[in-house]
């Protein structure tokens, strides 16, 4: 019973102690090894360090904070002359694993890191080969600053880079070499496409130090996918702008005509607020999408102003406003209706009448009578009676003055005629005023309809032109 337990305990001790050859090899290598010493036999020569990046995933590119966050593996390779051995002397052991704090490692950091810990890589073991070559592949979540150009947002392309370099070793101590910029394990991002990448090494001398330092930069050229923004921002605004056009088809008598235009302006302001939350607070450039939204908002405000103007036309009358002058009448009641194939009730509107009206522009009345004129009826009879009474009354006055005859019957007759004349004159003037009021009101209402039709065409054309200009300015539309 005790024998199996004892054998299991001895086997466990053997596993914990590891291979005797590896233990002996580690002891031999670490004997006299100084971690702070550069691993080179000739101290005048630099240690050649190769650095590569295996990009796994683009986690986020924050436009608001101008930061790029990725998941990547770094691959460091260098040769440690103090860690070589002959495998046959150690039972053909060809490689060892060491913790990173046990061996010399280059103090290479990510210069443009914005992570709170600055160095966010995970400290994995180093692989030591018998030739002295060291492989070290620490994974990490790297967050770097990335200056964004938001002018073409959301049809934009951004260039971000990862700048690595030694913090203390100068160029004559560490020489950097380009490693692989690998995307074999890359997980595609839903918002960004990698269209180009490159690696370059630069030598720079800083003001703090007289020596030269090398750094290696891995650059990513990204292009934004536009489907999300086109579907959730651009398309709704275009549909909202259709309401601006449809607002001019509503009758000017409807009070909700102005309310519809104001609602459209408020809706566009909401989209502007959403866009401002997506872009950084910068005064260097205005995003293309912002230009489009502001233009649509301006068009909406302009449409609201014209709608108010149209309604003021519709409710005008002779008692409050003056009659149209010749140019307004010619443009709104003759030329524009002829151009738009519109016709005022009971009025001919063709090229001939347009020409005649233009030729008679110096006359005060250059338009034909409307449907409110009466050919025969009580009004005409009263008007004729007023003229007849006026003539008779003036003739009697003349006779009285000439003959100087003023008996009581004549005077009474004159008084009766005076009263009849005054009443008929009042009725005639009242009817003329009503007739004139109706004609003037009809002209203003027709002018309001004409302006509405002109705005319908003008704003439709304006929205189409603005949309085409914005689309042509974009570097690309679909990605």
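Each residue, glycine too, has its Cβ placed from N, Cα and C.
Computed from a predicted structure; not experimentally measured.
Straight from Swiss-Prot, the features:
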DISULFID  146-160  disulfide bond
DISULFID  208-209  disulfide bond
CARBOHYD  60  N-linked glycosylation site
CARBOHYD  92  N-linked glycosylation site
CARBOHYD  200  N-linked glycosylation site
SIGNAL    1-18  signal peptide
TOPO_DOM  19-230  topological domain 'Extracellular'
TOPO_DOM  279-285  topological domain 'Extracellular'
TOPO_DOM  475-479  topological domain 'Extracellular'
TRANSMEM  231-251  transmembrane segment
TRANSMEM  258-278  transmembrane segment
TRANSMEM  286-306  transmembrane segment
TRANSMEM  454-474  transmembrane segment
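Long-range contacts of the transmembrane segment (454-474) within the same chain, counting only residues at least 6 positions beyond its ends with a Cβ under 8 Å from a Cβ of the stretch, are 152, 155, 238, 241, 244-245, 248-249, 288, 291-292, 295-296, 299, 302-303, 306-307, 310, 336, 340. Residue 92 (N-linked glycosylation site) sits 46 Å from residue 60 (N-linked glycosylation site), counting Cα to Cα. The shortest Cα-Cα distance between residue 200 (N-linked glycosylation site) and any of the recorded positions 60, 160, 209 is the one to 160. Fewest Cβ neighbours within 10 Å among the glycosylation sites 60, 200: this applies to 200.
If you take every residue in the topological domain 'Extracellular' (279-285) and average the pLDDT, you get 78. A simple Cβ count within 10 Å picks out one of the disulfide-bonded residues 160, 209 as the most packed, and that one is 160.
Within 10 Å of the C-beta atom of residue 146 (disulfide bond) sit 22 other C-beta atoms, taking all shown protein chains into account. In the structure shown, the C-beta of 92 has more C-beta neighbours within 10 angstroms than that of any other entry among the recorded positions 92, 208. Separating the Cα atoms of residue 146 (disulfide bond) and residue 208 (disulfide bond) is a whole-number distance of 25 Å. Secondary structure from DSSP puts residue 146 (disulfide bond) in coil. For the topological domain 'Extracellular' (279-285), same-chain residues at least 6 beyond its ends with a Cβ under 8 Å from one of its own Cβ atoms are 63-66, 148-151, 153.
With helix defined as DSSP H, G or I and strand as E or B, the topological domain 'Extracellular' (279-285) counts 0 helix, 0 strand, 7 coil. Taking CA atoms as the reference points, residue 160 (disulfide bond) and residue 60 (N-linked glycosylation site) are 12 Å apart. Between the CA atoms of residue 209 (disulfide bond) and residue 60 (N-linked glycosylation site) there is a gap of 35 Å, rounded to the nearest whole number.
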